[in-house]
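Below are the structure tokens for one structure; questions will follow.
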Amino acid sequence: MAQAFVNSKIQPGKVVVFIKPTCPYCRKTQELLSQLPFKQGLLEFVDITAAGNISEIQDYLQQLTGARTVPRVFIGQECIGGCTDLVNMHERGELLTRLKQMGALQ
């Protein structure tokens, strides 16, 4: 069930972030991404605490990405890591370039 749930969220052309609402790194990730002009429907924050099987979801994220911590940021079907990875990518200018290339920004 956790595998199907996670896989149903990860889609080409979309940015998906798996979060826990109380996590400060998740909030920082949400703040950064929410400032960008995404096209409607191409940015999704998935609260794994609402799914009810948090530990199973994190176990599957570990299997899929090598880490079970949140946030887990997917650009298209590729996991780019967590908050620090996203911030570093943004500071290097790579985030905007990548999002423009995939057509996610207005």
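Note that Cβ sites are derived from N, Cα and C of the backbone, with glycine treated the same way.
As annotated in Swiss-Prot:
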- Cys23-Cys26: disulfide bond (DISULFID)
- Cys79-Cys83: disulfide bond (DISULFID)
- 3-106: domain 'Glutaredoxin' (DOMAIN)
- Ala2: N-acetylalanine (MOD_RES)
- Lys9: N6-succinyllysine (MOD_RES)
Could you tell me which three-state DSSP class Cys23 (disulfide bond) falls into?
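Cys23 (disulfide bond) sits in coil per DSSP, no helix or strand.
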With DSSP helix as H/G/I and strand as E/B, how many residues of the domain 'Glutaredoxin' (3-106) fall in helix, strand and coil?
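Final tally across the stretch: 47 helix, 20 strand, 37 coil.
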Validating a neighbour-count step here. Other CB atoms within 10 A of the CB of Cys26 (disulfide bond): how many?
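The answer is 23 other Cβ atoms.
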Whole-number answer please: how many Å between the C-alpha atoms of Cys26 (disulfide bond) and Cys79 (disulfide bond)?
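Here the two Cα atoms are 15 Å apart.
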At 10 angstroms around each C-beta, which of the disulfide-bonded residues Cys23, Cys83 has the fewest other C-beta atoms nearby?
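If we count Cβ atoms within 10 Å for the disulfide-bonded residues Cys23, Cys83, the smallest count is at Cys23.
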Does DSSP put Ala2 (N-acetylalanine) in a helix, in a strand, or in coil?
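The three-state answer is helix.
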Counting distance between Cα atoms, which of the recorded positions Ala2, Lys9, Cys23 is nearest Cys79 (disulfide bond)?
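Of all the candidates listed, Lys9 is nearest in space.
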Would you mind checking how many other C-beta atoms are within 10 angstroms of the C-beta on the residue listed as 'N6-succinyllysine'?
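Result for the residue listed as 'N6-succinyllysine': 14 neighbouring Cβ atoms inside 10 Å.
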Averaged over the domain 'Glutaredoxin' (3-106), what pLDDT does the prediction give?
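Over the domain 'Glutaredoxin' (3-106), the predicted model scores a mean pLDDT of 97.
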Does anything in the same chain, at least 6 positions from the residue listed as 'N-acetylalanine', have a Cβ under 8 Å from its Cβ, and if so what?
Ala51, Asn53, Glu56, Ile57, Asp59, Tyr60
